[in-house]
Amino acid sequence: MLSWVLLAWAVACSALAGASRLTPSVLPLVVRNPYLSTWLADARHEPWSSWPIFWTGQHMGMSIMAHVPSTGNTYPLLGRPHDSLGPNNPNNGCFLGSKYDASTTNMTYLIQPEGKHLAGESVKITITFLSPITPTSTLRQSIPAGYVTIRVEGNMNVNIYMDMNGEWVTGDRGSSLIWKMDNIVDTGKGESLYQWQVSRKTEQLFTEFQDRAEWGMLHFLAPQGVRYESGTSMLLRTRFARTGVLQNRNDERFRTVMDEEPVFAYSKAFNLNGTDDEPNIEAIHDEVTFTIAHTQDPVVQFASARGLTLMKPLWESYFPDVKSLLNFHYFDLDKARILAHRYSNQLARDAQLSAAEDYVDVVALTARQVLGATSFSGTSDNPLLFLKEISSNGNCQTVDVIFPSFPFFLYTNPRWLAYLLEPLIEHMLSGQYPNNYSMHDLGAHFPNMTGHPDGKDEYMPVEECGNMLIMGLSIVNSLRFPPEANTTAPWYPGTLEARDAEPDVVGLFPLRDLQTVGGIDRLDSVWGVGPDATNLARKWVEKSYRLWRQWTGYLVEFSLEPHNQLSTDDFAGWLALQTNLALKGIVGINAMSEMSRFVGKTDDYKYFKNISDTYITKWEGFGFSRDGTHAKLSYDWYGSWTTLYNMFADALLCFHLDGTEYDTHPRTLDDQEPIAPPPGKTGFIPRRVYEKQSKWYANVRQKYGLPLDSRHLYTKSDWEFFSMAVSSPSVRSEILQSYAKWVNETSTDHPLTDLYKTEEDGGYPGPNFFARPVVGGHFAFLALEKACNGKATDGLKFLDDKDNNSPEDIPEDNVHDGDADNEDSQSPIQDSDGSEVKAGDQAQFPIQDMDDSQMTIVNEND
């Protein structure tokens, strides 16, 4: 039976516990790029229950402990350093919970030792991991470093210890390391910093081992006033547990990662108790900040227009050397906090208005994961952003990975989306890719962006052409917003002053002329202001118009009836006549018609517009079930159904506003009047398609969300949010609740997966995806709220107005004459293991088309 003291202690822990609403299994700690990516494993348990992990799930050596001098007790806070202390150190504090926003993860603890002589003494410790997302400062976003701040509050003295090991610079535990302690002196401030520098003895450029970089250097910084030491992990931790201090010395016996595991440590003493003569009764607070950086030069190799190029990090355009960078970063903490908090706060406000409280946590969890797949490079004249296809195969700059992530970039900073597309456009304009459709990726494995001169990249021609055209027009539209629309955008720096590129600048979107606003320096100039921005958008389209037109020509020939090929959901296999894929291609053609009109190519505009209008009518007849209730997976697969997540692009690009009262889309050339829409035509994709799909999603929703299609019970979370964004508010709310339930209950044990089971334990269906940037699709609601001068969601209000249960007829001459034209030849619905889902199973799907039977959906988990 618990003593009253222990019972009170347990109640105190419970009463003080505070956490974010959603409880994922893993939380971000230091996440900046594909190689600086450390996460809290088992995040539903105490942070000392396991080691932090790399995004692959492998352990990362980082630990934090607290030592209380008055009792001699040592408490693990993060990682498992107590494994080094033996069984005689069972002390655990009270973990009060984790909280997170877009840039920050906080973990809070309470230490309150037992004993009458310690009555009333306690200390609260908060560890804050800050990987600041700064949409108004691309320079800061490009810095490969994060902050760790440990704040103590109370009236009891406490010593804090933190260490790291060589797993931060190699994935091979047999690698030989070198390290040193160094000082960085800030002559302006008169302050200096300690710096542990750790690297492989022999670096291997552009090489990975288990997805970790085998080149680059770890920098672990601390302020003056701390103590430091390197040496064998067990010895350092044991000595700290006994004495509470480190020895200010360096173990110079270089060795491999796990040969008497060398660690690099700091300790800090906090005197919160005062003195014996004047003890502190009231709680006081203090803190210490460490920074963790991983620098590489070069960062990738890229087959640019001038040939294979070793690409430097973007930060080198602003700092003469690494020490200058690290010094700036450390002392920039206050400004970085302000900018990161501005973004997090606005994101929370916008998410709350767009959906619900759960959505606030969803996008907060997503943000660092998206940017954790990217690496800023290029120069201030021509910045570039490179992306790794995390976990699925490691491809570079994969177009159909950028596409699902692009709502995040449109909402957060469209400039970064332009930087993502630029390497692809430059490479293909240079003639290094032989096919007449868009390439799938820039290289088989990051960081080697060597292209595919043989044209044998993964075959997704309709997919990638449609993706590039849709994203291209979205960038153009972001530049055509009026100034008042941009003042509410996350990338708005606080002034509408626009700064033009100088004539000798290579790129159209440089970062050469940074500005100071409100006492914060090194901010970007505003994106998308007035006629200058419109002219910039026009130049951007014209520069690569040949490619846009070439890709559209391919879609004209092949998108209406796509032959057997892959879509972005390549794990589902090859399939001909995919309804959703065809829709992407047709929307892409319509996007090209708009870009042609924008740059004054009248003949191209008329041609592509006529084609897209003709195709969309035929597509509806081909792609919908004969009773007109839902889209089929493919034109000739009767009894099937699919999510139409590519319909999101129709709304995002404002095509759904055509002919409506909300049609504020810039639609005229300088020298001609707009072409009137056909009588009675509202929108590009008919409204009835939106309405039917929204109703269908409500019918087929499962315990953990909306399945991708009728083949399996798995889903893709990015496409769920694309689909939700263009559904009725009630359907959106229901699916969002299912997704939030999944976040809280899933058995997955890595950073957020985008591919999961909607039933059972919500686990991986195989393949196992995790930490991928495609979760940027979770920002679909927010990107849509900002689109079309803020009118995009107004144009979807028709989804609220009625509940039309009578499907409109589809002209018979538009029904596709496929191979499987017998309505009775239906394919069974399959679970993720390939087995048929039968009547009476926990989650039933319709196994017949609605023409033949009345469908009943049973979901026992609702």
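Using N, Cα and C of the backbone, Cβ positions are placed for all residues, glycine too.
Under the heading signal peptide, Swiss-Prot lists 1-19. Taken from Swiss-Prot, the feature N-linked glycosylation site covers N106, N273, N436, N448, N486, N610, N744. For 798-862, the entry in Swiss-Prot reads region 'Disordered'. The compositional bias 'Polar residues' feature in Swiss-Prot is assigned to 853-862.
This view paints the features noted in Swiss-Prot onto the structure.
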residue: N106; record: N-linked glycosylation site; Cβ contacts under 8 Å, 6 or more apart: S98, K99, Y100, T126, I127, T128, F129
residue: N436; record: N-linked glycosylation site; Cβ contacts under 8 Å, 6 or more apart: Q550, G553, Y554
residue: N448; record: N-linked glycosylation site; Cβ contacts under 8 Å, 6 or more apart: F206, V300, Q301, C396
residue: N610; record: N-linked glycosylation site; Cβ contacts under 8 Å, 6 or more apart: none
residue: N744; record: N-linked glycosylation site; Cβ contacts under 8 Å, 6 or more apart: L22, T23, P24
Problem - Cα-to-Cα gap, N486 (N-linked glycosylation site) vs N273 (N-linked glycosylation site), nearest whole Å - result: 50
Fill in the blank from the handout: By a three-class reduction of DSSP, N610 (N-linked glycosylation site) is assigned helix
Problem - N486 (N-linked glycosylation site) CB neighbourhood, other CB atoms within 10 A - result: 21
